[in-house]
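Taking it in order: structure first as structure tokens, then the write-up.
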Amino acid sequence: MKKVILAYSGGLDTSVILKWLSEKGFEVIAFVANLGQKEDFKAIECKALSTGASKVYVEDLRREFVTEFVFPALMGNALYEGRYLLGTALSRPLIAKKQVEIAEKENAAFVAHGATGKGNDQVRFELTYAALNPFLKVLSPWKDIEFLKLFKGRTDLLAYAKQKCILTRATIEKPYSEDENLMHISHEGGKLEDPLYIAGEDVFSWTNSPKNAPDEEVFLELHFRSGLPVKVVNLNDGSTKEDPLELFEYLNRIGSKYGVGRVDMVENRFIGIKSRGIYETPGATILWIAHRDLEGIAMDKEVMHLRDMLSVKFSELIYNGFWFSPEMDFLLSAFRKSQEGIEGKVNLIIYKGNVVPVSRFSPTSLYDQSLSSMDVDGGFDATDSKGFINIHALRLRAHNLVLRSRDPFGWRRGIIDAEIMGKGV
């Protein structure tokens, strides 16, 4: 019998896929990834077995997710399209990696997932399979003609589940879809597909509304070594966390309580479709802001600016599913080098949705207070600035001399179209 390793969540889609594959003659081994989502994993295991799985792997991947995926992404200041911290995108290559490992252990020739043909996840799963074991065959039912003839949408899935006695809590009227892991929870679909629709508090399941957050701020002290968070201290009550997983979970609790990390955005999917997503990413938001602030005092200017250019590509590669790729190896190596001197601590105020760095210290600080002072010379010869400016002005003077008769900057007088401005909205 042909073996297939199915990435199984226990939800409607993957339960139907499990049964469908089983009835097509596959021996289905279900793989359930514990990435920190609030689920009853024993119940999911029992459901997989009752639906037709021959075996179930339930793997606790929380620590690996934080240390091998989330922290490296934060080290590279990953932020897709300036807003999305990539919680879902970072989890998929880890799930797919474990699928490949189980397939090799079980001598399975196939791997399968339940991602749709419109989304990003199908790409993330399948690029990871290709990178780690190109000999595995991929079963993607939502791109299979036979499957698509049977299942046009949610109604057909529910009818099939009822017919096959598959237990499900799903209903036809599902307000939106969610993806949850230790890093974030996302909300998409349903009413949220209308960009004019204003999401109410019923959408958010992790974070308090900032207006309902505590009136007293909390002071945190975050410590970093080589760009990685190694300790958090709550200066209000003295509590401390140093274990990576415990540290991240603690920041999630603090951030959720204070309404940190909410993002409502329209993003560009890899396949070309625009999609609205609402994200709650409390702990990672706190870490991202603190890490960036410490870099300000401890990272060389040119290294920072070069890294910032690379961070845009880094974020795209994560989003598009290229975690296991030669270009990602290159970037991760470069970022690791850039973080060698990022050591020290940042003090933050967390208050009603805001994360505000208020002080920072680094033993490898490149900040010279005497040089920066407005009141003290500090060994800086101000007359040197004259030559510095003259050198940088050389090409601007040359540009003007060559193009003077053509009014080189005249076009800017119409850069703001008065007619458009006058029309309002």
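Placement of Cβ uses the backbone N, Cα and C atoms for every residue, glycine included.
What Swiss-Prot records for Ala7, Tyr8, Ser9, Gly10, Gly11, Leu12, Asp13, Thr14, Ser15, Ala33, Gly114 is ATP binding site, and it gives sequence analysis as the kind of evidence. Over all protein chains present, the Cβ of Gly114 (ATP binding site) has 22 other Cβ atoms lying within 10 Å. In the three-state DSSP classification, Gly114 (ATP binding site) falls within coil.
Taking Cβ-Cβ distances under 8 Å and a sequence separation of 6 or more, the neighbours of Tyr84 (L-citrulline binding site) in its chain are Val263, Met265, Glu267, Gly277, Tyr279, Tyr319. The L-citrulline binding site annotation in Swiss-Prot covers Tyr84, Asn120, Arg124, Ser177, Ser186, Glu267, Tyr279.
For Thr116 (L-aspartate binding site), the same-chain residues 6+ apart in sequence whose C-beta sits under 8 angstroms from its C-beta are Gln122, Trp142. What Swiss-Prot lists as L-aspartate binding site is Thr116, Asn120, Asp121, and the listing cites sequence analysis.
In the structure as shown, the Cβ atom of Tyr279 (L-citrulline binding site) sits within 10 Å of 26 other Cβ atoms. Secondary structure at Asp121 (L-aspartate binding site), as computed by DSSP, is helix. Highest Cβ count within 10 Å among the binding-site residues Ser9, Ser15, Asn120, Ser186: Ser15.
Of all the binding-site residues given, namely Asp13, Asp121, Glu267, the one with the smallest number of surrounding CB atoms inside 10 A is Glu267. In sequence order, Ala115, Lys118, Gly119, Gln122, Val123, Arg124 are the same-chain residues whose CB sits within 8 A of the CB centroid of Thr116, Asn120, Asp121, the residues recorded for L-aspartate being left out.
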